[in-house]
Structure formats: C-alpha cells, structure tokens
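Annotated transmembrane segment per TrEMBL: 39-59, 71-88, 100-124, in sequence order. According to TrEMBL, the feature Na(+) binding site maps to Gly79, Thr82.
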Amino acid sequence: MSADPGLPRILGVIAAGGIAGSLARYGLAEAIPHSPGGFPWSTFVTNVAGCFAIGLLLARITPRTHSLLRPFLATGVLGGFTTFSTFAVDTERLLPHHAIVALVYFFGTLLAALLAAALGDWVASR
C-alpha cells in the first residue's frame, strides 16, 4: 500500500480550516457568554449553525468541485467550528443542579441540529 501523494495537501487544508473554524467558535463563545446554570447559547448556536452549513455544503459539492474544498470546509472549518464535546460537557455540568435546563438543551440541540442540516440541504437543493 503506497501513501497518497496528495495527503499532505489534504491535511494542510484541514488544519487551516480547523484553525479558522476554532477561532470563529471562540469568537462566538466570547460574544454570547453564559452564566453557570444558564442555557449555553453560544454552543447551541454554534452547533446548529454548523449543521445548517454542512447541510448546505454537502448538497452543493459535486465531483467537479475542487478536491480540497470539501476537506477544507467540511472537515476543517465546520469540524473546528462545531463542538460535540462542549455540548456533552455543558449537558453533564447542568444535570446535577439544573436538570430541566440540561434536558431542554440536550434534546433541543439534537432536534435543532437535525432540522438545521435538513434545512441547509433543502435550501441548497433549490
């Protein structure tokens, strides 16, 4: 099995996209802070917006699209932007003392993220 000669370029665009996405997520978290026990709006908005964007993107990317665009945008930018781990930690931290908020956040995020991805796909397919 030989190594893919294009792999370094692919990894490079994923890394660059990851930096951009992570910085965007950080900026959004700073712009929409939440108090302990409060609804984690920045993580919610980040994940729902990222799901909408991936729905748009995957519906629009075709075999003729530049081969580095999908790894850059989907894996890099949106992978760096969205944050399942923060979603999990936010939920876990809310559960002991703010169970209602935790459950609304948990199920609300899942529902909104799925709907956002479907909406993105629908919008891009028009």
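Glycine residues also receive a Cβ, built from the backbone N, Cα and C atoms like all the rest.
A coil conformation is recorded for Thr82 (Na(+) binding site) in the three-state DSSP classification, outside any helix or strand. Here Thr82 (Na(+) binding site) comes close to Gly21, Arg25, Thr46, Asn47, Gly50, Cys51: these same-chain residues lie at least six apart in sequence, with C-beta atoms under 8 angstroms from its C-beta.
For the transmembrane segment (100-124), the list of distant contacts is 37-40, 43-44, 47-49, 51-60, 87, 90-91, 94: same-chain residues at least six beyond its ends, Cβ to Cβ under 8 Å.
Sequence-distant neighbours of the transmembrane segment (39-59) (same chain, 6+ residues past either end, Cβ-Cβ under 8 Å): 25, 28-29, 31-33, 70, 73-74, 78, 81-84, 86-87, 90, 94, 101, 104-105, 108-109, 112-114, 116-125. Distant neighbours of the transmembrane segment (71-88): 10, 13-22, 24-25, 40, 43, 46-47, 49-51, 53-54, 57-58, 61, 109; these residues of the same chain sit at least 6 beyond its ends, with a Cβ under 8 Å from one of its Cβ atoms.
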